[in-house]
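Data first, discussion second: the structure below is written as structure tokens.
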Amino acid sequence: MESKPKEFKPTWNLQNGKMILPYVLLFAGIILTLSLGSFDAGERGVEYNFFGRLGYYISYGMFFMFGAASFLPGLFTIGLGSLRLVKEEFELTNRLFSIPVFLLCYTVTLQVTGHVSTIPFASQGGFVGQLLSSGLEFVFGSTGKILIHLVFYFYGLILLLNESPLHFIGRILGTAGAKYKEGFKSGFGKRGESLGSLFQSAVEKFQKKESVPPWISTNTNEKNSLNQSYSLSNPHTHSYERNLGNKQPSELQNTLHSTFGKEGKLSDFLSKVDTGPTVTSKNSRIRFQNHGAFSGNFEEQGKVFRFESVSSSLSEKIREEKNFQKTPSRWEILDFRTSSFSNIISEKEPSVTLVVPSESEIKKEWNQTNPILQSEEIPDKFLFEEKEKVEQTDSGLENECYEEESVDSEENLSEEETLSSETSTEKDISENFKTSTISNSKEVSPNHTSNSSIHSLEKSEEKLELGLPFPPTTLVPEVKSKRSIYHVPLKSLKTTTTKIQDPLFKIEADKVARKIEEIIRQYGYESQVVSMERGPIITRYELTPPLGVKLGRITSLSDELRLYLAVKNIRIVAPIPGKSTIGIEVPNSIREDVFLGDILHQNLSLRPKKDLSILIGKDISGKLVGIDLNKLPHLLVAGTTGSGKSVCLNSMISSLVVHLSPEEVRFIMIDPKMVELTLYEDIPHLLMPVITDPKKATRALAWAIQEMEARYHSVSKLKCRDFKTYNEKVEQGAHRDGYKKMPYIVIFIDELADLMMVSGKDLEDAITRITQKSRAVGIHLIMATQRPSVDVITGLIKANCPARMAFHVAQKTDSKIILDQNGAESLLGKGDFLYKSPTAADLIRIQSPYVSEEEIEKIVEEARKFGKPSYVDFNLDEETESSVVDEGDEELFEQAWEIVRTDRKASASYLQRRMRIGYNKAARLMELMEERGYVSPQIGSKGREILK
């Protein structure tokens, strides 16, 4: 009885490790490169990174250690892994050692060139680059540092070419002339001696030695007996092993025997090696220097020699490993009584039925709104999934059965189980739904539905909305996004690289401080500069006022100080809030640029989540200043032309676009000048196109009032006091009751004075209503004007906008209107402004960040990739006469028209006296008559003409 061969489980060996090495290199290189490429230093960097926390922290460490050179290892490993896959003989050992050499050299190169990265801590060569560069420069100097790291570049190149330095230099020198070129390629030495002559001299030296090296043991008798016993015991021995004993002497061996004879020790050794001698395991790893004497050949690169004969122990290992790699036999149980061979081979096209729910069942179950696809006849190939589930539950079959590669062996379920599953599913479907069958010849897509199903689904959605205890929570449409994550990279924003050196600043500041003390002393007041604070554009010098002298006397010296210091403007703060000193703000001789990119990069880790915080610039000490629209809640900006007012508005919009997605904030932009805010057209944050018509601006604000009322209704139903609490409750579970999360709405008005001239009272009423009530429902207003007069910034608007920004203005009266005090007239312009906070009594002097038009276009381009804007369903072009007079006032309008028609007097004051109503109501009625064409427009002091 034949015994079954014993099965061996495959074991791990070095050959498998070499085969998987290129895949490991490719995988590691791709992960490292993509992680570095998607790295974002912001607070949401883990979310934006392609490989989550692993990629984020690896990238963070690499950038910190090696700077911009961190991309080098990933690209190198991808290249080496690809070459190894294409060419199996490609050696990786020495080439992998070249990666750290190139990495360290590149960090020094970046440190020398002064490379600046968009990531703050990844500039130049990182920590390692700074350390190496400083050490090399300290030891060898700046020139020696450059030469030394170039030498290491050369060494890394040699390692990459997998050659020794001497061989590489010799090969390069050999190609210089035709005389040496052929000699190096064919193996000639310096004197033109061939390999055979060199070998002959080596053999002669070897024959002079009478003893064989002790690490070689050759016992031919034992070897022959072992080979014979092994071949008899194992009939499946490879033919290569069985023929080793009968192998004919090689050509090289015959030549050597004829030259040196067969009696010498060298000839005996060669014959034993050529026929496969047995080498002891103790010395089996020795590499012989005279490998050219053995039969074999060099590889293509000429560095590795392959022997033709193999030892018996090594050949046995190779044979056993090949047996291990055989796949074991797989078992499959087929029941030919219940399954036919034709059904297994032939695949029938399935017939698909579309199940449509009835209207009566939709009323009972709101959750079932999608049609269900069910097949009437389930072929065998659709039962594979059920078969796998049965096999997983049955532990006995799991240990014994294996899947076959062909389709014939993939049926394990019996016909009774198949029929029972089909009948059970058909019963469930027939009890709940009415089916409609589609023929097999028609292809049905998963998204295909009939007209009746669409109509029923629309009815179900309408009834679901009607079933809510309140009207829709918001009129804002949802954004149809193309991406799952909204992200605008900061690489497109410009950053400054030059900083004013501290020694130069100290010299300049000390000089100005001595001048200030001398000027004040000339007017009879002794004072001393005790401290100074340097900002981007100004430096504040703090003086101790003399005792018994009024502060007004020192503040009156502003013109004299400006004259003797030869500066444009000087601002005196007397006293500094919270201190017993006087502050004199003097412009710097070298003005430091403040870019939006610098501010956003510095504040990435400090910015809180999901709020309307905006960075508005740097104060006089160089610290970042930010505002939160939730706490303001509205902002009023004023300044003359060229003061930086519109640039500040653009920087605030860009900051919101970079940090917040359209699901978190939406914009309404009103730009009568038609040149500032039109850059943001078609971004997904917009609720309506950028408005340039002043008449449409009033209608847009009227829509905002409707949205405000709708939001108040839903917020009050959820028992919330503010908008942030409402959204938090919706996220926690209130969305199950029909509540929806709502985005913030920010309304930007670039030129308020032009709108007030056209719309006047209507616009003021709309702004007043929004500023009074919209804070609690997430609607905020930012208005800018270049003419801060009383007729533009009225008392109601000022009362509801406690937060204000004042850029450079022409007169002190304008500064008092916007800030309620002087100071804005002495500003420097170009982004220099005073900020009045609703929570602080003193003013803060801030330098606004600069953002160019090209940077805005890049930000807008990145934002547009998220999706197209979803505008509100609101027609801005339609007439609003129906909204001016409601149903209750229609009778009042008819009465007023009757008075005008009979008395032939068309004036608001006459209607006010006759109807005993207020002037606003009477003027509104006259405007409505003008819109309907009953009376003519009023031209100057001339009365209106009655047209009907």
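Yeah, the Cβs are placed from backbone N, Cα and C, and that goes for glycine too.
The ATP binding site annotation in Swiss-Prot covers G642, S643, G644, K645, S646, V647 and is backed by sequence analysis. Annotated compositional bias 'Acidic residues' per Swiss-Prot: 400-419, in sequence order. What Swiss-Prot lists as compositional bias 'Polar residues' is 432-451. Sequence annotations record features per position, and here Swiss-Prot assigns domain 'FtsK' to 622-816 based on sequence analysis. Feature annotation from Swiss-Prot assigns region 'Disordered' to 389-458. Under the heading topological domain 'Cytoplasmic', Swiss-Prot lists 159-948. As annotated by Swiss-Prot, transmembrane segment applies to 19-39, 61-81, 96-116, 138-158, with the evidence given as sequence analysis.
Taking Cβ pairs closer than 8 Å, the transmembrane segment (61-81) reaches residues 21-26, 28-33, 36-37, 39, 92, 95-96, 98-99, 102-103, 106-107, 110, 115, 117, 119, 121-129 in its own chain, all 6 or more past its ends. G642 (ATP binding site) has a Cβ environment of 13 other Cβ atoms inside 10 Å.
Per-residue pLDDT, averaged over the domain 'FtsK' (622-816), rounds to 89. Summary of the ATP site environment: with the site residues G642, S643, G644, K645, S646, V647 set aside, the chain residues having Cβ atoms within 8 Å of the Cβ mean position are G639, T641, C648, F807, G829, K830, G831.
Annotation for the binding-site residues S643, S646: lowest Cβ count within 10 Å of the residue's own Cβ, S646. The number of other Cβ atoms within 10 Å of the Cβ belonging to V647 (ATP binding site), over all protein chains shown, comes to 20. Under 8 Å, Cβ to Cβ, and six or more positions away along its own chain, G644 (ATP binding site) finds F807, G829, K830, G831, D832, F833, S848. A C-beta separation below 8 Å, combined with a sequence spacing of at least six in one chain, links K645 (ATP binding site) to V637, A638, G639, A784, Q786, F807.
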